[in-house]
Structures are given as structure tokens and as C-alpha cells.
């Protein structure tokens, strides 16, 4: 008998060892020839992988939500059940960790608050933080269209896609559509709005209302012949279709895609790069006029404004629908803003005045984008980019000051990072935009604390057209540039690889959260999870019925005890039994009946 037991034990151990040996092996490596001729290892992926469409990412989002809630329940924490009447999501476009750190110092030095390093940004004090993985379905390093779709709709997608999942088609404008948090909010009777310093048709704001194959199709003239009749340009979608034509607030740049060019627009400072180009309409339509006509029968007439003075004169206690378009293209960088252009803070305060009215009971959802942080980095304009972050911080402070912390969930994050570095061994209090090693007198080459992996700054700093033997002679000494030149917003910091447009960075981005539901932000998660945080905390969209907390909140009941069974989640696992995210019966039911 003992021999049989020992034999069974040995056989069982052998099977277990063999199984473990198989399942713990890393994916097989294959070697491929890259376009540049270099051979590098890549993982063999995609052969048995399920399609990463909206249903796939819906599953991922709900699993992360369940995992996070279980973690809270294990430590008897119930703050995750608190519900938000209002939601504000701040997107610092391109605001990676290096930008946040450098921007914090820039703020302190700009305001002359000590050395700079000890300064704080408003969102530094938010109680909950996490890290979001930003990759697109088809790219390790993402773009703003795919990331914004993930944030607002809960589905990761292809690079360049807006409001559509990975099944999108150039010849089918309905295929792969996903709803955004703005659509979810409007179904619950909430007010909605979008504020940005970019064109209102640019990638991030467009992802709140548009569904289109390519982010560049902002005007009718940009839609290729093969897609005409299937896809409608982004600007038209804003005024023709919900949720865009039901927004209470639309503030930003982009008059040209909307069909109302200002021929006398002033440009005091000339910025360069692809971001400064803009499309024009070919159908001669005046879309703001059509927007006004759409709201002509409103109880209170809509307001259309084009300058700072008119914006600040809007009666926010009466106006229900406001559109403000302030430039043909993007609103000018804040460091060189033209007369008559509002600040992001002013636009945010005006938006909140309209959205958060005392006589309204359903609340609101608002996007505020600091969009030109990204565009400054693309041109290696470090000073312009960091000043945009400072303005972004002021807008966040305005939101904190003008909302109820017990009713408003505020999320601050980036859609992606940038290839910008904060390097060297600069002395404490050294100018963040200055040199890192000027105190080292024997160093043969001074270099700046902020530099870029790639971008147009390469050509500005290159000593000559050939690569010399001594790499230290490859770059022009910084003394070649005058102090005035280096202080200009158009000064480009050095980039080590030549590109007309600096690239994004692929590292995780930080998420800062404040208010009811903010405790759902913890750890590292896929970026699309943010949509599920807003859905669950705001009682809207696909996670509204994830458990009974929204019904309890609606009925004015006390939070459900942690050990109370949830009838909507039949078959749910015992609380705290496992931190491994699994799909419960209720979650599966939501997947079947509430697809994005």
C-alpha cells in the first residue's frame, strides 16, 4: 500500500513538473529581418490570439474592474462604491513622466518658488494614482487617436482609428463602431462638453464624438475617394450626429475644418512643423451656422463666440449650448498666445459654469485637453511644451476650485508619452531648460538637461553634414546660440536622430484620481480600463450594472455591506478568494447584452 502511494506521488510529481516545465517556458523566439537590415529577436505572436475587437477589450476592462474591487474588498475598503455625479477627465496630450517631472520644476522656476524641484503640480496631491499601458492594437508606441478611443470608449484599436475598434473598414462607416463615455452620459441625462487647445476636430476631442477610419479625415477634402459615401468627415460628425450635436460646450480651435476661415488672423510668432498645417473644406458648408440652426428652437438661444472677450461675457447661468472656435488651426501656444485668445483655464471655468448648474440634478461629463504639450514636443520646443503643462495645471486647479469633491470624479492622465529625456547631473536649482553640466569646467562639451531621442532639433544642432571621428565635434557648442535664441519659444532642443516630427514614447503613463470612485485607480492596467472606471463610478455605460452600487446610490440607500450577496452576479466567487481576475456569470451576461 505504501509503495502504491509513493509511486502515485512520484507519478503525480512528474506530471506536475512536466506541466510546469511546458507552461512556464517563454514564447518561442523567431528571428526576422527588419527594414533596416538588422536582425533582432521578436516574439511569435498572433497565431492563436483572439481578435482584439471591442468585445475583447470589454472583457479586459470588466476583468480589471472586478480585480480592483476584489482588492478593495479584501482590505475592507468600500470607497470604491462611492458614485460621481460629475466626471472631468483631463488629458495632457503627450504628458509622460519625464514631462511631468520637468514641468513641475519649470512651474516652480517660472513662478520663482524656490529652486523648482520642491514645487508641486495640483494633481500631485490627488490621493490615488496608477499607471496605464498605452500601446495600440497594432503599434507598441501609440498615437492619440487609438489611445483616446481606448480612454473614452473602453476599446483599444488601431493607430489612427477614432471611435472604431480593430475591425474598422475604409468602405464601411458602421463597422467596428464603439460608443464613447459622452454617449453613455447623454443617455443618463447628463450634460456634456469638450474643451481643448487643439482643433476641436483633432484626435483626442474627436474620439469623444466621431467614428472614422482615419484621424486625418477632419475635412471633406481629406476623405479619400474609396471612402466617400461610407465615411463622413469629423467636422460634419460634430454638428450632424449625436453625441457631438448634443454637447453643451464645445471650446477650442479649428475654424478651418468647420468652414469659417478667419482671413485676417494674426501670427506674431511663427511655429513650424506638420502640426501647423490645416485642411480646408471643399463643400463650402458653414458648420457653425448649421450648429446654430440645429439649436434654434432651444429654450435659451445657443451662443457662438470667436474671441476671449465674448467668451467671458457668456451668461453661463442661462446658456445651455456654447460653441467657441478661436483660431483657424490650434489655439496658439500659451507662451506666445495672441491677443483675443482665451486660456485653457478660462475655457474650463466657462464650461463648468454651464455644465454645473445648481438647478441641474443629473450632473455632467467634461473632457479638458491640454493638447499642445504634445505638439511642442513634436517640434522639440521644450519651453513651449512645459509652459503648456503649466497652463494645464492652472485649468486643473480651476476644476478643483469650482466643483464639489464629494460629487466630482477628476481624472488626470496622458494619452501617451514622448521621446524626451530629463538627464544629466545638473545642480539643484539649475534652470530646467539650461545645461546639465556647465558647473563641470573641464567637460569638453556642455549639454542641455532636456534633450530628445529624435526630431527636427537634430539639424539645428548639427555641426556639419558629415559624422566626424570625434563625436563631441558632431554638435555645435551651445555657446553658438545666444541667450535670446535659447529663451525663445521656437528654440529646439537637441535631438540625436533626425526626424521632421519627433515621435511619441511607448512607456506607461500616470493616472491621477480625485473624488468619488478615485480609489479604482491603482496599480498598472490597460488604458481602456479608464472608460470602465468612469462607467462604474458615474453609473453610466457598460459597467453601470456591474453590481448593485448604482441602484443603492440612486435609491439613497447606504452602501451595501461587503458580505451581502449580489443577485446580479450569480456564481460570483467568494470575496477575497483570489486576486486572479476571472469572468463571473454576471460579467459574462454583460458581455453578451451590453457590448460596446
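Using N, Cα and C of the backbone, Cβ positions are placed for all residues, glycine too.
Sequence annotations record features per position, and here Swiss-Prot assigns signal peptide to 1-20 based on sequence analysis.
For 93, 202, 204, 369, the entry in Swiss-Prot reads Mg(2+) binding site, with the evidence type similarity to another entry. Remark: residue 369 (Mg(2+) binding site) has 90, 91, 92, 93, 194, 195, 196, 197, 198, 204, 205 as non-local neighbours, by Cβ distance under 8 Å and separation of at least 6 in sequence. DSSP assigns residue 369 (Mg(2+) binding site) to a strand segment in the three-state reduction.
Annotated N-linked glycosylation site per Swiss-Prot: 262 (among others), in sequence order. Cβ neighbours of residue 262 (N-linked glycosylation site) (same chain, under 8 Å, six or more residues apart in sequence): 255, 306, 327, 328. Residue 262 (N-linked glycosylation site) falls within neither a helix nor a strand when secondary structure is assigned with DSSP, and so counts as coil.
Sequence annotations record features per position, and here Swiss-Prot assigns N-linked glycosylation site to 297 (among others). DSSP assigns residue 297 (N-linked glycosylation site) to coil, not to a helix or a strand. Neighbour list (residue 297 (N-linked glycosylation site), Cβ cut-off 8 Å, at least 6 residues apart, same chain): empty.
Feature annotation from Swiss-Prot assigns N-linked glycosylation site to 401 (among others); the stated evidence is sequence analysis. Counting Cβ atoms from all protein chains shown, residue 401 (N-linked glycosylation site) has 10 others lying within 10 Å of its own Cβ.
The Cβ of residue 464 (N-linked glycosylation site) lies under 8 Å from no Cβ of any same-chain residue at least six residues away in sequence. Swiss-Prot lists 464 (among others) with the feature N-linked glycosylation site, giving sequence analysis as the kind of evidence.
Residues or ranges marked as N-linked glycosylation site by Swiss-Prot: 470 (among others).
Per Swiss-Prot, the feature region 'Disordered' maps to 548-570.
Under the heading compositional bias 'Basic and acidic residues', Swiss-Prot lists 548-566.
Here Swiss-Prot flags 570 as GPI-anchor amidated asparagine, drawing on sequence analysis.
Among the features that Swiss-Prot reports, transmembrane segment is placed at 571-591, with the record citing sequence analysis.
In this structure the alpha carbons, written CA, of residue 401 (N-linked glycosylation site) and residue 202 (Mg(2+) binding site) are 28 Å apart. A 10 Å cutoff on Cβ-Cβ distances gives residue 93 (Mg(2+) binding site) a total of 29 other Cβ atoms nearby, all chains included. Spatially close to residue 202 (Mg(2+) binding site) yet at least six residues away along the chain are 144, 196, 218, 252, 254, 330, 371, judged by Cβ distances under 8 angstroms.
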